[in-house]
Amino acid sequence: MLTYVAAMFLHAPQVLWTVLTAVIVTQLSVGRSLKATFDYFIGTLGGAIYSAAIATLVPHQSEVAFLMVLAFALGPLALLAALNSSFSVAPFTAIMVLLAPAITHAGPIESAIYRVFEVALGGMIGLAVSLFILPARAHGLAIERIADILDDFAVALRQLVRGFAGELDLAAIPGIQMGIGRAFASLETIVSEANRERIAYFSAEPEFRALLRTLLRLRHDLIIIGRTAVDPLPDIVRKRLAESVAAASAAGAEFLNQSAAAVRDRVTPPSPGAYETALRGYESVIAAIRRDGLTRELSVDALERLFALGFAFDQLQQNFRDLERNIGEFAKPPDGSND
């Protein structure tokens, strides 16, 4: 409504495009609205200037000549849009600039100016609404997505260690890893939007960069565990390790679940002390297996997987400490403020 009133007051010839631009920008989070406004304006400006120049320099009184002008205008712009997504609206803008004179009876240069003006007006109003009236903060979306990923990590850890006892369907491992990968791709997009929001709001909120790196390392730990769990360990060590592996995975998964809750509530993170205690129990069992000489009876493949599991558990311990520190940066002060 605000965009329509402003467009009518400023006598925009094509109110429709002003309103549509504002609606598209307003539908997004604040961070994405900033990028969408910039990309939409840059694409419109580039498409308008290029198509207006082609229409002015190349005579096109006949239908054949006009089709040639369309080809000259759309070909390079379509290639540019394929190479750079910021110019995705440039071909559409060129069509509008070239066809609008038949409707508005304006020249190509005037049509290009109107098009840029309409998009700029709609983008500015839509961005203002996103920033100050109906803000959908990507920061909050990122917090929620991070918590979901931590819960997914907990589920994956519980499932993957079952492979050492032969209780996990091997076909399920790629599905677990792919699900986490898709969640990460989505998180990276939201985090980039949240970083743009920090600039727009001059916010003092902590960046997600360090937390994102820690999550990525945790994902790599799960990948290692998944690769070592493709076959059950030999009976000679599996029975002796079963209790300690189950205890370590359970403690690690519980820490991840508690960390997810701390992220959602913006409270002080839990300590991974229970996992570290369980890890010491696992290490003592491994030491006993070595003393008894059982590792000499293992195949090279089984031995590699056994040591890879220990390495992954050690990495989890270090990354859990990093996760505790990272989550603490997002915890609200006791008074509940964000400053």
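Every residue gets a Cβ built from N, Cα and C, even glycine.
All TrEMBL annotations are machine predictions without curation.
Some features that TrEMBL has for this protein:
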- 3-129: domain 'Integral membrane bound transporter' (DOMAIN)
- 6-26: transmembrane segment (TRANSMEM)
- 38-58: transmembrane segment (TRANSMEM)
- 64-82: transmembrane segment (TRANSMEM)
- 89-106: transmembrane segment (TRANSMEM)
- 112-134: transmembrane segment (TRANSMEM)
Note to self: So if I exclude everything within five residues of the ends of the transmembrane segment (64-82), which remaining residues of that chain have a CB under 8 angstroms from its CBs? That is, six or more out.
What the structure shows: 43, 46-47, 50-51, 54-55, 58, 88-91, 94-95, 98
Checklist line | Beyond the flanks of the transmembrane segment (38-58) by at least 6 residues, Cβ under 8 Å | finding: 21, 24-25, 65, 68-69, 72-73, 76-77, 80-81, 85-94, 97-98, 107-109, 111-113, 115-116, 119-120, 123
